[in-house]
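As given in TrEMBL:
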- B:12-29: transmembrane segment (TRANSMEM)
- B:35-53: transmembrane segment (TRANSMEM)
- B:83-102: transmembrane segment (TRANSMEM)
- B:114-130: transmembrane segment (TRANSMEM)
- B:172-193: transmembrane segment (TRANSMEM)
- B:224-243: transmembrane segment (TRANSMEM)
- B:258-285: transmembrane segment (TRANSMEM)
- B:297-316: transmembrane segment (TRANSMEM)
Amino acid sequence: MFSEFLQYLFTGITIGATYALIALGFTLIYNASHVINFAQGEFLMIGGMATVSMTAMGVPMLLAVVLAVILAGLLGIALQRLAIAPAKDANVVTLIIITIGASIFIRGLAQLVWGKGYHVMPNFSSSEPIEIFGAVLNSQSLWVLGVGAVMVVALVYFFTRTLTGKAILATSMNKDAARLVGIRTQVVLMLAFMVSALLGSVAGIVVAPITFTSYNIGIILGLKGFVAAAIGGLGSGMGAVVGGLALGVVEAMAAGYLSSDYKDAVAFSMILLVLFFMPRGLFGAKIVERV
Amino acid sequence: MIDRLPQFRLRGLVFLAIVVFSVPLFISNPFHYGLATQIALIAGAVVGLNLLVGFAGQISLGHAGFFGLGAYFSAIMTSTYGWSAIPALVVGAIAVAIVAWVVGRPILRLKGHYLSMATLAVGFIIAIILNNERETTGGPDGMPVPPFDVFGWELSPFGQYSLFGLDISGDLAWYLFAGIVLLVAVWLAQNLIDSPIGRALRSVHGSEVAASVVGVNTAKYKSLVFVISAVYASVMGALYGHFQGFITPSVASFDFSILLITMVVLGGMGSTIGVIIGAVVLELLPQVLADFQEMEMVLFGLILMLTMIFMPKGLLPTAASFLAKRRSKSAGGDA
């Protein structure tokens, strides 16, 4: 009974940590540019797929991971420079459609390069599962949680202790004012996309041994990340983390105790409940509009 | 907004009617008629979605959910319960209106893009239900839909009909029917835009705060137009099901929702004729790209991205302002 609950909890927290990283990526780009980046899931896919294919070519695991993350980072920069920046006068809806076009394009490229099949990545360390109070924990889950925690701490450090991080925050709060104090907002936007891509690719790599990976895995994972960000209150970093974990746990519990067919429906109902009763999300800022 | 006079709209409607009725002069094979009918029905749903996006400034990422709900409601009522097509369509539309109202009313009181998140969720929930309630919906395999019928008279793509003494194939009959439905949909939408409701909506789009200051109940109008756009989707979905004769949950999928909103933005938000062009282009593009096989996805994504980057206002508004600029330039040259 308890071991069953613990089992669902482990599953939920693991996948929830992944959702949290994706949600943080959404939040970062949303804060910097008010764009909901529908290509966010593709960064995950690129991270996982590039690592798998490079290790298959004989590149050592660690080097493959670093290269995959760099590749995703470059992709993030390219997305901002080549697709978002040129359309600077476009309204937000148009920018969102551009990111949808970009995600279809990236997915198409991935399909050309890596084919349509599923790719398996071995666990980072031993494939022996760990047993805790009768529940089984995949050793990869510890990697997901550990890497997730490190990323969150690194992000907090980046935004509160470094000049670049503060510049991104300043731009997200008031673009014009940021420009006036000498922040190059275009560079900041580029950085936001890059950091967001790095986050996404890391999430994609650590979760790949659990979920496997394929050219279209970014769609559903990206969407779940968006749901997590919406639950937490779009734009709040804290909200993204809590929203991600909450979504993961609720989903796993719903799959375990209710019905696995309807676990996604439960996840999506959470958005509605939050919007009905806590419209700003769990941690969203109160919006005051100046006229 | 001087260029938005009713006269201008009437011209658009007449233009559309000419195009719709001249299409049969250029095509004859059943496959092309099928495609044209499908485009006309989807364009009708897009015209409704445009009311929400173009005139209330709200995004729906789940409109396929309403389209699918309408389609399945009609399919289930006509096949399992033996209802006639029109009552099924009407009751389905009312059911969809209630769903849209229940979801939209609390959320549209908030400012910002919360409706996009809520509609995304609703669309997914509808699709998940359609996929899983196998006993009623046939699950992922889909279900057959009886032909559209009016007082015992059936409209089927495989039938033979005669109109004013002319023999008309079922394909052509369905196309003409879908074309007329589209014209009516456009006419209703244009009337709505020119009505006091439309003016209130445009004021909401211009500045929501200013609109509420002069006494427009912004939340009420936004909910109303959301419900209307959902009803458009539901009716078109019901007809689409009857036309296809078979539906699967893909009519309610997130991909299809994204396709619908993309048609609006690509064609030109706020322009009724523009969004129809968006529907035509995005329905025909895959047909053209199918020859490129595995390059299809890359090309589709690339074309979508490039069009939106270089024509952020959409195809028709960009073309119109380009023509206007050229005209004023040549007029300046004459003087």
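Every residue, even glycine, has its Cβ placed from backbone N, Cα and C.
Only residues 6 or more beyond the boundaries of the transmembrane segment (B:258-285), in the same chain, are considered here, and those with a CB under 8 A from a CB of the stretch are 9, 12, 15-16, 35, 38-39, 42-43, 45-47, 49-50, 53-55, 59-61, 63-64, 67, 182, 186, 189-190, 193, 233, 300, 303-304, 307-308, 313-318. Counting Cβ pairs closer than 8 Å to the transmembrane segment (B:12-29), the top stretch among B:35-53, B:83-102, B:114-130, B:172-193 is B:172-193. Here the transmembrane segment (B:172-193) does not touch the transmembrane segment (B:114-130). Their Cβ atoms form fewer than 3 pairs under 8 Å, with each pair 6 or more residues apart. Scored by C-beta pairs under 8 angstroms, the transmembrane segment (B:35-53) has its highest count with B:224-243, from the stretches B:83-102, B:114-130, B:224-243, B:297-316. Distant neighbours of the transmembrane segment (B:224-243): 37-38, 41-42, 44-45, 47-52, 55-56, 58, 60, 63-64, 66-75, 78, 85, 88-89, 92-93, 95-97, 99-101, 104, 108, 115, 145-148, 155, 157, 174, 178, 181, 185, 192, 197, 201, 251, 260; these residues of the same chain sit at least 6 beyond its ends, with a Cβ under 8 Å from one of its Cβ atoms.
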